[in-house]
Amino acid sequence: MASAASVTSLADEVNCPVCQGTLREPVTIDCGHNFCRVCLTRYLEITSPDPEEPPTCPLCKEPFRPGNFRPNWQLANVVENIERLKLVSQMDLDEEDVCPEHGEKVYFFCEDDEMQLCVVCREAWEHRAHTVRFLEDAAGPYREQIQKCLECLRKEREEIQEIQSRENRRIQVLLTQVATKKQKVISEFAHLSQFLEEQQNILLDQLEKLDEDILKHRDEFDVLVTGEIGRFNTLIEELEEKKERPARELLTDIRSTLIRCETRRCRKPVAISPELGQRIRDFPQQAFPLQREMKMFLEKLSFELDYEPAHISLDPRTSHPKLLLSEDYQQARFSYKWQKSPDNPQRFDRATCVLAHGGFTGGRHTWVVSVDLAHGGSCTLGVVSKDIRRKGELRMRPEEGVWAVRLAWGFVSALSSFPTRLTLEEQPQQVRVSIDYEVGWVTFANAVTQEPIYTFTASFTQKVFPFFGLWGRGSKFSLSSQEGAATLS
């Protein structure tokens, strides 16, 4: 069955161009256009054309002969069929609003049974005690509920789309970082390859020199040994001949002969001199600098591939009056004695904390904090957002713009939404703090053993600053962009 929309579209195609209604007794003129017979007759009467000039088509303005329009029976049949389709389509629409049980039009809605009712259904005993409303009245609250659901769904969809966009940005940042690291590795290993080739040539030259010295000593040794063997052969032949002579000849000069044999001492030549042997034994030590260079190279490459060392200093404008800063602003010590400091807006007045200068709005940065806690003391390390609360109580958790860990006497805690005591192999004395702004990571690790401590995941939208908190008489910390930061003396 044709839909109402398709029937309406088809009916528009058989409208009269004059009256804009459905063609009645359609007739065709010379140009091929169709009109109602009555409409075309009236058109000819109104225009009253000059007998010398033929009338023109109302649609295309082509002239036609007034007595030459003819009935279009085929089009008339099409119009009749379309009229029937329109009627059937209307009946189908009406049937949708009819009660299937009683054949009456549906006007009501039972909220208890969630049923659509006609007048007869409305008066039935099973619905008399129910809440029954007109369809439009009943639909109103449901429309409102649907609207609320739509608002919630759209909001959740926007949140998911925002998450998708943010995560896609993070992925792109990571891909960019990987590409950069690839180039870094290629470049560094190209330099390493050149360095190794140079070192290889140096070591091979040294080995070649040792080889030449050994061969030289071998030749000298062969000459010396050959000479000694020749002298011994001569003496042996002389004695063998002496031994076979008669007694009178044997005893002639026998004493000098024996003395010459007894005083003859064999010089025991050495093929490899002690000095050359020591050079051979010492050769592996020539590779030690190479091993050290390799270790330093790998450590440097690993560090540079991770983060850019941040050369930070403490900001005295933010320091709590109980914190004593060094002149170079690289160290801080807790003191119960209040320092004379102006109460400017940037300064913490209750939390014994201090920020670093500068802050970050992007990139990957790292710094090391050496911590020396007195008994019962604590030190808080991390990053905070630019608008962190400076006056009054400071709640240290991510919701307040604080991503930090706290080192206390004997334990370490992550200051997440609910502080979490961490299990570590050892209490860190030096902590590496690292931030990847675009990816949203704040990472803590033992700067000596490289043991991971904790990682926060965040979404930074404004500048963040390195953050430090300190408590306990005698507790102190110092800063460094590299490992091995010195503690306060």
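Just so you know, glycine gets a Cβ as well, placed from its N, Cα and C.
According to Swiss-Prot, the feature zinc finger maps to residues 16-61, out of the candidate ranges 16-61, 292-337. Between the listed ranges 94-135, 430-471, Swiss-Prot ties the annotation zinc finger to 94-135. With all protein chains in the displayed structure included, the most crowded Cβ environment within 10 Å among the binding-site residues HIS102, HIS127 is that of HIS127. Its Cβ taken as reference, CYS121 (Zn(2+) binding site) is surrounded by 20 other Cβ atoms within 10 Å in the chains shown. Across the zinc finger (16-61), DSSP classifies residues as 11 helix, 8 strand, 27 coil. When DSSP labels each residue, the zinc finger (94-135) comes out as 13 helix, 14 strand, 15 coil, counted as helix, strand and coil in that order. Other Cβ atoms within 10 Å of the Cβ of CYS99 (Zn(2+) binding site), summed over all protein chains shown, number 16.
For the coiled coil (142-245), the mean pLDDT of the prediction comes to 85.
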